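**Q** For reference, TrEMBL lists these features for the protein:
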- 29-44: compositional bias 'Pro residues' (COMPBIAS)
- 90-107: compositional bias 'Basic residues' (COMPBIAS)
- 1-109: region 'Disordered' (REGION)
- 111-129: transmembrane segment (TRANSMEM)
- 135-152: transmembrane segment (TRANSMEM)
- 164-180: transmembrane segment (TRANSMEM)
- 186-203: transmembrane segment (TRANSMEM)
- 215-234: transmembrane segment (TRANSMEM)
- 240-260: transmembrane segment (TRANSMEM)
- 281-301: transmembrane segment (TRANSMEM)
- 307-329: transmembrane segment (TRANSMEM)
- 350-370: transmembrane segment (TRANSMEM)
Amino acid sequence: MSYLDPRAGRAPGDDTNVPAPYSRHPQQTPQPWPPQEHTPPTWPPATSQGWQPEQRPEPQRPEAQLPEAQTDAAIEELPITEQPVAPRGAKGRRRAGRGQKGGKSRAGRNLPAAIGVGVSLGLVVLASLLIERRALLAVLVAAAGVGVWEMTKALTGSGAKVPLIPLVAGSALMTGLAWYEGPDALLIGLLVTIGAASLWSLADGVSAVRRDFTATVLTAVYVPFLLSFAAMLVQPDDGAFRVICTLVAVVLSDTGGYAAGVFLGRHPMAPKISPKKSWEGFAGSLTAAAIGSGALLFFLLDVPVYWGLLFGAAISVVAVLGDLAESMLKRDLGIKDMSNLLPGHGGLMDRLDSILFAVPTAYLLFSIILPS
């Protein structure tokens, strides 16, 4: 039987791989026939509940919230960098200058009330100057007494014990001595007032002597002593015009600084003391006071224009310093206004802060410009 006959059985050695002669390729292991079907893997892998993508929580941005305990007044007094900002779309968020109620201006004042009170005070002072000059003495005594009351109230709230009665009596004494006797008598009145207030405090049995004595001296010097220079400023024949020029310079400085600060203010002047004051507002104060005083002193007192410009610039500088000094004092005491006596202004000391520094400066400048 031929070995090619399929009916023949398998011979020994039939499964042995024998390389083919003269072949370039190695002998390959024969694959089973027919080939097995290849099933590709499924993706994503099936589960008993079906395929579910991995759930990752989306990051949430924290939303700024306004503190519930802060009022609008407290927020206005914060520095610019510390004022909370409501999130976009939150209730109560609005653009500045829109939807404001109560007649408040962009600087936070109740503008109609402030204008009304300011005009009324100006008319009282003007009438006392032009109608009866001795009435100005009564106005000064009353203003000094109210200012001392506001100062003692604010200092007492901080823990100091300041005797009110001897300081009010001393303020009347200093104003009267300055009116009738001049600067030397004013110094004597200051010493008498401090001595009487110190004896009153000792009789009252104070514990913190240094603190109470410092607060007493501050009140006596800051309010009645500085304000008494107005009583000496009005004594010359043209004294009424000197007082008017001084007050107008302060008003122009305040108005020019307010307008320039609201519309042009970009660079804070003293953010830790008074966040609303800016260098642009200070430039507006200086310009308005200098130009206005140059014209006013020329027409009312026949003073050269350059002296008027210098006078207005000096009054503007000390007026701004007086405002900053009281702002620093109020921040140290933790109060916004000295009192709520004057609507739109706060207390009387909130209006006298600039004048208290301006009056002694005007007295010294007029003694040089117009020596009597």
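Each Cβ is built from the backbone N, Cα and C atoms, and glycine gets one as well.
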**Q** Between 135-152, 186-203, 240-260, 281-301, who has the most Cβ pairs under 8 Å to the transmembrane segment (215-234)?
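**A** Against the transmembrane segment (215-234), the leading stretch is 135-152.
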**Q** Which listed stretch (135-152, 186-203, 350-370) has the most C-beta pairs under 8 A with the transmembrane segment (240-260)?
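**A** It is 350-370 that shares the most Cβ pairs under 8 Å with the transmembrane segment (240-260).
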**Q** What else in the chain is close to the transmembrane segment (281-301), if you only count residues 6 or more beyond its ends and a Cβ gap under 8 Å?
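**A** Counting only partners 6 or more residues beyond its ends, the transmembrane segment (281-301) has Cβ contacts under 8 Å with 238, 241-242, 244-245, 248-250, 252-261, 264-265, 269, 307-313, 315-317, 319-320, 370.
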